[in-house]
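Chemist: I have a structure I would like to understand better, so I am pasting it below and will then ask my questions one at a time.
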Amino acid sequence: MDTKAFTRALKKSENYNRQGFGHAQEVATLMQSAYKSNLIQQIRENNYTLQRGEVTIKLAKTFGFCWGVERSVAMAYETRQHFPNQQIWISYELIHNPSVNQDMKDMEIKFIPVIDGQKDFSVAGNNDVVILPAFGASVQEMQILKDKNCQIVDTTCPWVSKVWNSIEKHKKKKFTSIIHGKYSHAETIATSSFADKYLIVLNMTQAQYVCNYILNGGNRDEFLAKFKQAYSEGFDPDLDLEQVGIANQTTMLKTETEEIGKLFERTMMKKYRPDQLNAHYQNFNTICDATQERQDAIAGLFNEKLDLMVVIGGFNSSNTTHLQEMAIENGIPSYHIDGAQRILSRNKIEHKPLGREVKISEGWLPEGPVVVGLTSGASTPDQAVEDTINKIVAMKLVVMN
């Protein structure tokens, strides 16, 4: 499929909207009430610090809703305002936040069901409204919705669209796209759908394996087994790694994306000589500003003397997971929760350790004065951060009283 021609035609369709419906002021009031927090604003104005009894909270200087997420949520609210009586669907979670997705359900916005790992778009009627989430949607999904004559409301983050543009540039030069991301993540599924040839690498270890294969060859069957589900149909590592372009899932670790890009650059220079680099390697900066800012902000917190970190965000949120990863790498006890309800008591917290299932841990909140570093992922509203702060303070007060 000519994906560039398809998306160009789709955007000209009268059934396509990515600008909203003129209800911005009304929606802003609703979102202020639902997601903003006076307490959080006060903490920002107090050098991102709150002192309550034995608890000192140190907030990262950038956290929570990013511009792309806020835009996506606002467009969903606008869509319900504009189509008060029509059936509205979301093709996936709007964002990776359980409370916001519940708000969508409370507005009688339904989610396209997933059956045996596949989205069942047959439930959407020809005149239904379908919202594409902040992560975007695959070309194939958009084609289905266009063919069904659905009203498409596209809330894809512009940073994600920027990555798609890079993929189109790779494709124009017949390069294979090397995508730094998680092959099962909604954004990476959407991004890879724009490529003719692609390979998804999760981390530096996988990137090093690929680069070693480029330089020295290897066992083709082993390669394909190692990257099962992470490459395009018909991909051949012996033929399709001679010209590569770098792209990324926007929520991956900035430093790792940069290191992977440099590794492939060095590899192609070594394989084909420096003067031939441009014929074999492309890299465009597609690291999301919001992701970078939140990672830089938590790094700034590490200069403080912290007893522990609490990281708030959906358990399936990639950008939140990477914030958690940074805290752990800096040797700080860290707890990833998706809301204040996970703080069960002064002694118990339900959280998701890095790379593991949700569990309950004991002894998470130290005795005596405690300094808690706190941040949240790009899909987490300020109100969820306030609720968590209040719960932590309340747990300490129980002991003091």
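Glycine is no exception: its Cβ is also placed from the backbone N, Cα and C atoms.
Below, the features straight out of Swiss-Prot:
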| type | residues | note |
| --- | --- | --- |
| BINDING | C66, C157, C288 | [4Fe-4S] cluster binding site |
| BINDING | H96, H185, S317, S318, N319, S379 | isopentenyl diphosphate binding site |
| BINDING | H96, H185, S317, S318, N319, S379 | dimethylallyl diphosphate binding site |
| BINDING | H96, H185, T250, S317, S318, N319, S379 | (2E)-4-hydroxy-3-methylbut-2-enyl diphosphate binding site |
| ACT_SITE | E187 | active site, proton donor |
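Quick one: how deep are these features, and who are their neighbours?
Modeler: In the three-state DSSP scheme, C288 ([4Fe-4S] cluster binding site) is classed as coil.
The secondary structure of S318 (isopentenyl diphosphate binding site), as reduced to three states from DSSP, is helical. Within 10 Å of the Cβ of S318 (isopentenyl diphosphate binding site) there are 25 other Cβ atoms, across all protein chains.
Contacts of S379 (isopentenyl diphosphate binding site) defined by a Cβ separation under 8 A and a same-chain sequence distance of 6+ are given as F65, V69, I95, H96, N97, V100, A134, G313, G314, S317, N319, T320, in order along the sequence.
For the recorded site, H96 (isopentenyl diphosphate binding site), the DSSP three-state label reads coil.
A helical conformation is recorded for E187 (active site, proton donor) in the three-state DSSP classification.
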Chemist: If you draw a 10 Å sphere around the Cβ of N319 (isopentenyl diphosphate binding site), how many other Cβ atoms fall inside it, taking every protein chain shown into account?
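Modeler: So the number of other Cβ atoms within 10 Å of N319 (isopentenyl diphosphate binding site) is 26.
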Chemist: DSSP on C66 ([4Fe-4S] cluster binding site), three-state: which is it?
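Modeler: Note: C66 ([4Fe-4S] cluster binding site) is coil by DSSP, not helix or strand.
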Chemist: Within 10 angstroms of the C-beta of E187 (active site, proton donor), what count of other C-beta atoms is obtained when all protein chains are considered?
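Modeler: 27, counting other Cβ atoms within 10 Å of E187 (active site, proton donor).
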Chemist: Do you know which of the binding-site residues H96, H185 has the most other C-beta atoms within 10 angstroms of its C-beta?
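Modeler: When each Cβ's neighbours within 10 Å are tallied, H96 tops the list.
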